[in-house]
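K.L.:
Here's a structure for you.
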Amino acid sequence: MPSALLIGEITHARKEWEELSSILTLTEFPSGTREDFIRNCKEGQYDDVLVIYRSNTSTKFTGPFDAELLAVLPKSLKYICHNGAGYDNIDVKGCTDKGIAVSSTPVAVNHATADVGIFLMIGALRQAYVPLSALRAGQWQGQTTLGRDPQGKVLGILGMGGIGREMANRAKAFGMKIQYHNRSRLSPELEGDATYVSFDELLASSDVLSLNLALNASTRHIIGEKEFQKMKDGIVIVNTARGALIDEKALVAALDSGKVLSAGLDVYENEPVVEQGLVNNPKVMLLPHIGTMTYETQKDMELLVLNNLRSAVEKGKMITLVPEQKNVF
C-alpha cells in the first residue's frame, strides 16, 4: 500500500485524515527542522510516499519546497496537496519537471479573505487605527481626523479571481463602482457589472486599489514607485494577497508624501518582519496575515486538501490543480 506523508498538523479534519488509512499508509512529520526532513528523505524513510499533505504551517519546519528540497524527495512522490491559496513557497516548475502535480485551496478561502479585505478597506478609509489606539491609551478620540466614505468611490481590483469577485460583491453593497484588471477579461457571467480596464487605467482611475492576485516572478513588486506615480492623489491601498506584490519602501514613501491616503494590509514582503515605516504610520491598518483564520475556513481548507489527496490516489488527478499545471496533468 502506498503512503501519504503529512507535514505539519491537521487540526479540524483529523478524523477524515485517519479514515484515509483504508487506502494509504499514513506517515507524519509533525515538527522538526529542514535538516531533519532532508535527512529523513535521504535515509529513505519516505521512499514509498505517493502523496504529501503540506499543511499551512509546514514551511516553518521544512522551509520552501525549492530545488534543494525537490532533489531529495522520494522518487515515488507524484502529488503535493498544499493547504493554502497561495503557493509561492513551492517551486511549481521544478515539480512539473519532476512529474509531481501540485494542488492548492482556492474557493475555500474566498469568503474569509474578502471579509478581511473589506474590513481593511473600511478601516483604511476611516483611518480607524488612530481612534482605536487613542481609546486604548485613555485619550478618547486622540488625533482622530475625518475619514472617507466608500459610497460613490471606484474600487479597482487587481486580480479578479474568486477572492477578487467576492470583494467586488461586498463592495457593491457599500455603493462602490467596481473595475478590474486581469491577464484576460472574464466571461460576462463572472464579470457581472464590473468594468474591465487596462492596468494603467486601473491605476489612474481607482479611489481604492485592492490586490488579489498570485505572487510569482512576473507579479513581484507589480506595485512600486512608478505605479504609485500613475495613481490618483489620496488613493487607498488594500493587500490581502502577498506582501511582495508591493515594494514596501515605495509604499512608505507614497504614504509619507500623501500620494497614498492610507493602506490596509494583511500581508508583508518579509513576514513576520514588517517594514518599520508601515508600523510607525498611523494611517495604516495592519493585521498579521489572518485572512483565512476562521474556524469554518480552516476546516474547509483542510477538507479540500484531503479531497484532493483522495482524488489523486483513487482517480489519478486532483480537484484544484494549480493553474500552471492545467495542461500538464
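Glycine is no exception: its Cβ is also placed from the backbone N, Cα and C atoms.
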K.L.:
Figure out which of Asp149, Asp256, Asp266 sits with Gly162, Ile163, Thr240, Ala241, Arg242 in the NAD(+) site per Swiss-Prot.
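P.N.:
Swiss-Prot lists Gly162, Ile163, Thr240, Ala241, Arg242 binding NAD(+), and from Asp149, Asp256, Asp266 it also lists Asp266.
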K.L.:
If we check Cα distances from Ile163 (NAD(+) binding site), which of the active-site residues Arg242, Glu271, His289 wins as closest?
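P.N.:
Of all the candidates listed, Arg242 is nearest in space.
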K.L.:
Highest Cβ count within 10 Å among the recorded positions Asp266, Glu271: which residue is it?
P.N.:
Asp266
K.L.:
Between Arg242 (active site) and Gly162 (NAD(+) binding site), what is the CA-CA distance rounded to a whole number of Å?
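P.N.:
Just about 15 Å between their Cα atoms.
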K.L.:
Asp266 (NAD(+) binding site) to His289 (active site, proton donor): how many Å between their Cα atoms?
P.N.:
5
K.L.:
Cβ-Cβ under 8 Å from His289 (active site, proton donor), same chain, 6 or more residues apart: which ones?
P.N.:
Asp266, Val267, Tyr268, Glu271
K.L.:
Would you mind listing, in sequence order, the residues at least six apart from Gly162 (NAD(+) binding site) in the same chain with a Cβ closer than 8 Å to its Cβ?
P.N.:
Pro106, Val107, Asn110
